[in-house]
Amino acid sequence: MSPITTLLIGIAMSTDAFAAAIGKGAAIGKPRLRDALYVAVIFGVIETATPIAGWLLGQVASHYIATFDHWIAFGLLGGLGIHMIVNGLKNNGNTCKDNADTHNRNSRWLTLAATALATSIDAAAIGISMAFLDIHIGIVAAVIGLCTFTMVIFGVMLGRVLGTFVGNRAEIVGGIILIIVGSTILYEHLSNTG
């Protein structure tokens, strides 16, 4: 596989994470670079690991996973999106910063990890498909992880601008973005099979 093809795969696999990061940045309100790096590391590590896991699973049972991966991504992203919307509606009078500060640190980590996992299901599917090609999965996974890391930093910081415009409703916007990403994954799969 050529370096250009590998880079294009990395960019394509990181677009869902980029969209989710915009929502996360909006929910944080005024994220600092440190916040963006924290989110980017979690997304980057998970996005690096999932193609490797997919590749390993592809060695064993590729068609079983490919039949339902889109439903897993849709369910996780949709559920997280609904959760964010409900929280945004409950905390109507609070600022985004207040909301971010009151969340438990472990809860934030788990939410980030679940979001990263949901957006990386497609990378796992890529890993499965690459199990049948003569490629070095470590290089492809590293490129996907680095692209995701970079795009998530930009996404979180772009979410800062979005958060300024939407104010207290930023968490709702983030939830809507996650639902759109999950629905897009499901739609793309169903439209390709129908």
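Each Cβ is built from the backbone N, Cα and C atoms, and glycine gets one as well.
What Swiss-Prot lists as transmembrane segment is 3-23 (among others).
Taken from Swiss-Prot, the feature transmembrane segment covers 37-57 (among others). Residues 13-14, 17, 20-21, 24-25, 65, 109, 112-113, 115-117, 119-121, 123-128, 130-131, 137-138, 140-142, 144-146, 148-150, 152-153, 156 of the same chain lie 6+ residues outside the transmembrane segment (37-57) yet bring a C-beta within less than 8 angstroms of a C-beta in it.
Taken from Swiss-Prot, the feature transmembrane segment covers 65-85 (among others), and the record attributes it to sequence analysis.
The feature transmembrane segment is assigned by Swiss-Prot to 112-132 (among others). When Cβ-Cβ distances below 8 Å are used as the criterion, the transmembrane segment (112-132) is approached by residues 9, 13, 16-17, 19-20, 24, 39, 42-43, 46-47, 50-59, 62, 65-66, 69-70, 72-73, 76-77, 80, 140-141, 144, 148, 178, 181-182, 185 of the same chain, each at least six residues removed from its ends.
Remote same-chain residues near the transmembrane segment (137-157) are listed as 1, 6-7, 9-11, 13-15, 17-22, 24-25, 28, 31, 33, 35-37, 39-41, 43-45, 47-49, 51-52, 55, 120, 123, 126-127, 130-131 (criterion: CB distance under 8 Å, separation of at least six residues from the stretch ends). Taken from Swiss-Prot, the feature transmembrane segment applies to 137-157 (among others).
According to Swiss-Prot, the feature transmembrane segment maps to 170-190 (among others), an assignment based on sequence analysis.
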